[in-house]
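In Swiss-Prot this protein carries:
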BINDING   His122, Asp151, Asp155, Cys242  Mn(2+) 1 binding site
BINDING   Asp151, His153, Cys242, Asp244  Mn(2+) 2 binding site
Amino acid sequence: MYPAPDMSLWQGRIDSQEGADARRWHQWMRPYADDAEAASVLLGFASDEGVRRNQGRQGARHGPPALRRALANLAWHGEQAIYDAGDIVAGDDLEAAQERYAQRVADLLARGHRVVGLGGGHEIAYASFAGLARHLSRHERLPRIGILNFDAHFDLRHAERASSGTPFRQIAELCQASDWPFAYCCLGISRLSNTAALFDQAQRLGVRYLLDRQLQPWNLERSEAFLDSFLQSVDHLYLTVCLDVLPAAQAPGVSAPSAHGVEMPVVEHLVRRAKASGKLRLADIAELNPQLDSDQRTARIAARLVDSLVN
């Protein structure tokens with residue numbers, strides 16, 4: 001059994017005088033049930049144990065409810081149903097929580113839903129991919145899964161235990177054990193936030209990446225071509241956005257704010273482009289830390305990205 005979602009988070013303005021089309025997220029959201037029609041499902045991963053293990057600033061476990069509150073009052077422009085499936089809460093047993101989250105993702109995908117994960121630290125990424133891999137392995141022997149990560153960091157660290165700095169190394173090891181290709185594309189890498197050892201590791205693993213200074217409006221056509229080339233090489237896409245890819249002025253509420261970062265219009269444009277490929281199977285937003293946020297700026301940006309993924 002999974003805990004029921006806290007529907008009290010879905011509150012906001014009601015513009016009934018403007019008619020039926022004046023809907024907002026909080027009016028459209030429904031609690032998930034197993035007999036729900038295939039639709040978008042929000043699933044939270046309330047964890048910052050991985051951030052703690054990675055020596056970061058804690059508070060991301062409060063990200064999922066903060067993100068729901070930011071979503072609640074946004075105007076709703078979709079026609080399809082949308083459901084809240086509640087949170088998987090990690091505590092200090094991160095590995096067990098990742099397994100529960102992965103199984104929940106696999107079950108939801110098997111029912112035909114489109115899952116959008118709400119973090120939580122970026123340790124959500126390994127759990128998300130594991131769930132997608134579990135689902136696809138039931139139907140394909142050798143699925144070509146692309147991992148598209150908007151992030152200032154490679155998150156390929158060596159460590160004795162899982163953390164927010166290890167998820168894509170864990171995914172690489174999972175792919176190797178399954179004899180699957182490891183197709184990892186990271187957009188927004190900060191050269192000053194990744195050691196030479198991490199760049200060497202990325203090269204050994206065949207990681208495709210663009211630096212934050214390359215992902216700028218004046219270079220958008222090249223960024224689009226780079227992304228399109230990656231998308232053409234895979235059959236299924238897992239997309240994850242670590243909010244520290246954005247400039248600190250836009251997203252202060254993260255463990256490791258970016259001095260440079262990638263502007264929100266560029267990130268949102270490329271997220272929508274990836275979604276338009278028709279290959280997107282699963283997505284999540286990671287590293288929202290409301291305890292470090294200012295005027296809900298980071299939560300509002302995260303909410304806009306979720307809306308871009310759903311509508």
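Backbone N, Cα and C atoms are what each Cβ position is placed from, and that goes for glycine too.
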Integer Cα-Cα distance in angstrom, Asp244 (Mn(2+) 2 binding site) to Asp151 (Mn(2+) 1 binding site): 6
His122 (Mn(2+) 1 binding site): secondary structure state under DSSP, collapsed to three categories: coil
Residues satisfying Cβ distance under 8 Å from Asp151 (Mn(2+) 1 binding site), sequence separation of at least 6: His122, Cys186, Leu187, Gly188, Ile189, Thr240, Val241, Cys242, Asp244, Val245
Other CB atoms within 10 A, centred on His153 (Mn(2+) 2 binding site): 25
All-chain count of other Cβ atoms within 10 Å of Cys242 (Mn(2+) 1 binding site): 31
Residues flanking the Mn(2+) 1 site, with Cβ no more than 8 Å from the Cβ centroid of His122, Asp151, Asp155, Cys242 and excluding those residues themselves: Ala125, Asn149, Ala152, His153, Ser164, Pro167, Phe168, Thr240, Asp244, Val245, Ala286, Glu287
Listed in sequence order, residues not in Asp151, His153, Cys242, Asp244 with Cβ within 8 Å of the centre of the Mn(2+) 2 site Cβ atoms: His122, Asn149, Phe150, Ala152, Asp155, Gly188, Leu243, Val245, Ala256, Ala286, Glu287
Cβ neighbour count (within 10 Å, all chains shown) around His122 (Mn(2+) 1 binding site): 34
